[in-house]
Amino acid sequence: MEEEAPSLSTTTTTTTSTITSPLLLHERWRHHLRLKTTLCAELSGAVGDLGTYIPIILALTLVSHLDLSTTLIFTALYNFTTGLLFGIPMPVQPMKSIAAVAISESPHLSLPQIAAAGLSTAGVLLLLGATGLMSFLYRFLPFPVVRGVQLSQGLSFAFTAVKYIRFNQDLAASKSTSPRPWLGLDGLLLALSSLLFLVLTTGAGDNGHTHNPSTENTINRRRSPRLNQRLKVLSQIPAALVVFLFGLILCFFRDISILGDLKFGPSKITLLKITWEDWKIGFVRGAIPQIPLSILNSVIAVCKLSGDLFPDKEASARTVSISVGVMNFVGCWFGAMPVCHGAGGLAGQYRFGGRSGASVVFLGIGKLVLALLFGNSFVSVLNQFPIGILGVLLLFAGIELAMASKDMNSKEESFVMLVCAAVSLTGSSSALGFGCGILLFLLLKLRELEFSRVGFLKSKSEESSKDDEATSLIP
C-alpha cells in the first residue's frame, strides 16, 4: 500500500497538467497577441517589411508566373502562426537568394524549380534545428561576426532602397533604368515627401522609448512638457500605414483601368508536379546559395536582433530554424513562394511600431482578405504601386537593422565586424563575409593567446625570483 501512494499522486499530477495545459497554452497565446503599444502603432508596424516583400513577390509573379493568391494565403497563415508562437513581430519574407536567381539568371527558374529550391533549403534548416546543431552554432559564433552580417544586410537594404528612390525600376529584369523624374505619381518629389513625413513622425525610430525606464524618465524630464506632448502625439500616428495606404490609393490614379482587371474570388490552389530534373536544378542553382544566407540572416541574425529589441523574448535558434523548415514544407508543394524569417523585416516592423505578435497577425489578416477577395487579379494593382514609396519603407528597415551593430565594446570587435561587412557587401555574399570574419576573429585570438602565454611565463618567473629574494632576506 505504501508503494501505491506515489503512483496515485503522480497520476493525479499528470491528469491535472493535462487538463490545465490547454488553458495555459491559451493564456500564452493571449499574452503573445496582447498589444504592447497602441493599436495604430501595431498596424503601422505590420507594413514595415513590405518594402522587400512587394517588389520580390511582384517580380516573381511577372517573371516566373508565381501564384500570387496562393502565396498570400500561405504567408497569411504563416503570419498567424509566428505571431502566436513568438509573441514578437517575427516577419515572413521571401527567400531572397532564390528569388534573385529566379529573376536575374537565364534561363529563369520555373515555379517547380523554385519550390524544389525552397524545399531543399527548408530540409537543411529543419535538420539543423531538430538536431540542435543550429543552437550550437548560435551559441558559439563570435558576436562581432554576427553583427557584421547584420550590418552588411542592413546596408544592402539601404543601398537598394536608394536605387528604388532615385531610379525607375524594371522589376522583371531586376535592374534600375532611367533616373526617376521629379514630378508624377511615382516621382522623386513624392518619395522624398514620404521620407520627410516618416522622419517627422517617427524620428530616429525610438519615439522616446528605451529599454531602460529610468533613462527614458531622465530624457523626458529634460524636455519641456509641450515638446513631450507633441512627440507623444506624433508617435501615435501610424506613419508607415498612412504611407502604404496612400501608395495603394495612387495605384488607381496611375491607371484607372486596373479596376476592370480586378476579379472577385480566390484563385484555385493546385498541387505542383516537381520532376527529378526540377529537384537537381532547384538545389544547385537556388538552394546552394540560399542555405548559408538563411542560416546567417534568417536564423542567427534574426535571433540576435530579437534579443536586442525584446530582451525578455529572445527567439530560440532551434525554434526559428524549425519554423522556417515547417513553413516551406507546408506551402511550397502548392506553389507558394519559399519564405524565411529575415532580420531586416523584424527591424522594419519594429522601426514603425510593431511590438507584439498582433502586428504580424494584422498583416496576415490583410493578406488573407486580399487573396480571398481578388485572387491573382490583385497583381495588376501591385504592378502600379509607386516603387519610390517602397524604397522609402525599405530604407528605414535597412537603417534600423544596421543600427543594431552599434554596440561593439572594443576596437578589435569593431574591426572584425567591419571587415566581415565590407567583404559581404563587396562580394555580394554573406557566406564569404562570414568566413572571412571567422578567420580574422580566430587570428586575433591566436595573437592574443601567444602573447598572453609569454606574459604569463614572464610574470611567473618574475614572481618566483621575487619570492626567492624575499626568502633569502628572512633570517
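Glycine is no exception: its Cβ is also placed from the backbone N, Cα and C atoms.
Per TrEMBL, the features are:
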- 39-62: transmembrane segment (TRANSMEM)
- 68-88: transmembrane segment (TRANSMEM)
- 114-138: transmembrane segment (TRANSMEM)
- 183-204: transmembrane segment (TRANSMEM)
- 233-253: transmembrane segment (TRANSMEM)
- 360-379: transmembrane segment (TRANSMEM)
- 385-403: transmembrane segment (TRANSMEM)
- 415-444: transmembrane segment (TRANSMEM)
- Query: Same chain, outside the transmembrane segment (114-138) by at least 6, Cβ under 8 Å from its Cβ: which residues?
  - Reply: 60, 64, 66, 95, 98, 101-102, 272, 274, 278-279, 281-283, 285-287, 290-291, 294-295, 298-300, 303-304, 316-322, 324-329, 332-333, 335, 337-339
- Kindly say whether the transmembrane segment (233-253) and the transmembrane segment (360-379) touch, using the definition of 3 or more Cβ pairs under 8 Å where each pair is 6 or more positions apart. no
- Counting Cβ pairs under 8 Å to the transmembrane segment (39-62), which of 68-88, 183-204, 360-379, 385-403 comes out on top? 385-403
- Proximity of the transmembrane segment (360-379) to the transmembrane segment (68-88), 3+ C-beta pairs under 8 angstroms: yes
- Note on the structure: The answer for the transmembrane segment (183-204), taking Cβ pairs under 8 Å and residues 6+ beyond its ends, is 165-166, 231, 234-235, 237, 239-240, 242-243, 246, 250, 253-254, 351-352, 386-389, 391-392, 395-396
